[in-house]
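Engineer: Would you mind keeping the following structure in view while I ask a few things?
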Ligand SMILES: NC(=O)c1ccc[n+]([C@@H]2O[C@H](COP(=O)([O-])OP(=O)(O)OC[C@H]3O[C@@H](n4cnc5c(N)ncnc54)[C@H](O)[C@@H]3O)[C@@H](O)[C@H]2O)c1
């Protein structure tokens, strides 16, 4: 059911790779809620062509941009403002990639060129999105910027490797830029810390399926789906959350506040 939450709002949605992507669900729901927006992804991701289906469904134009390139991001904002007829009200950063994780490098055996790429793609790109928007005055007063993150920024998960460091930086950027952009233009900046979700990025992590089941059993509400995540992100783009900024918001079915669940205790019960 749509509520018209984003009626009249303009935005930019990054990171829709295929129909499992969290950003894909955000785009479909943002359209349902009355927003107009552009879609963006890395030029290399465009080759799969899947995003064209989403663009058609959302009547949205696609502007390729490598999130590590300031020039690409400048072009993204300039073209978006041109296409949408003015500044934007919301921006979704749904971008993450670690070559170290992809290649199964242990945390004690990181390749430092890969490490730089992980940080550049998954965290510094968020600063680039924000700084470029500020310099181009591309976001309307009371606009909202959201990035997706994971709880490995606060607690150690053995398989998350250098992505944990990138996510910690991403969340720090949300606080630091949230302060700055709040003072300047009342623009709010938040991160949403999502449950493990079966997407391309999620599936790139060794042992993901077992961890998905573990988190499902730990969370009183179960793992939050990508669809539910999209619903939550839309509330943050809407005018109903105007005073929420600089926050890392857990969207995880209660996982982050659970010490241990009855189901897990039952599973590891020693033999009588
Ligand atoms: N899947 C999970 O379990 C999970 C959990 C918590 C948070 N997240 C976060 O959600 C976000 C979206 O991931 P997803 O799970 O929907 O997976 P996904 O693989 O569908 O999306 C990741 C996106 O990042 C894009 N990307 C990679 N390098 C890029 C670059 N240089 N420039 C521009 N875009 C680039 C990819 O093309 C892809 O569209 C990521 O930040 C991820 O870390 C995912």
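Using the three backbone atoms N, Cα and C, a Cβ is placed for every residue, glycine included.
Caution: TrEMBL annotation is automatic and unverified by curators.
Relevant sequence annotations retrieved from TrEMBL are reproduced here:
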ACT_SITE  150  active site, proton acceptor
ACT_SITE  160  active site, proton acceptor
BINDING   15, 21, 22, 95, 167  NAD(+) binding site
Engineer: CB neighbours of residue 167 (NAD(+) binding site) within 10 A?
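Structural biologist: Result for residue 167 (NAD(+) binding site): 26 other Cβ atoms within 10 Å.
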Engineer: C-alpha of residue 167 (NAD(+) binding site) to C-alpha of residue 160 (active site, proton acceptor): distance in Å?
Structural biologist: 10
Engineer: Got a sec? Which of 21, 160, 167, the recorded positions, have CB under 6 Å of any ligand 1 atom?
Structural biologist: 21
Engineer: How many Å separate the two farthest-apart Cα atoms among the NAD(+)-binding residues 15, 21, 22, 95, 167?
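Structural biologist: Binding-site diameter by Cα atoms for NAD(+): 18 Å.
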Engineer: I want to check the contact list for residue 160 (active site, proton acceptor): same chain, sequence separation of six or more, C-beta distance under 8 angstroms. What comes out?
Structural biologist: 101, 150, 152, 167, 205
Engineer: Which secondary structure state does DSSP assign to residue 22 (NAD(+) binding site), in the simple three-class scheme?
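Structural biologist: DSSP call for residue 22 (NAD(+) binding site): helix.
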Engineer: Specify the count of other C-beta atoms within 10 Å of the C-beta of residue 22 (NAD(+) binding site).
Structural biologist: 25
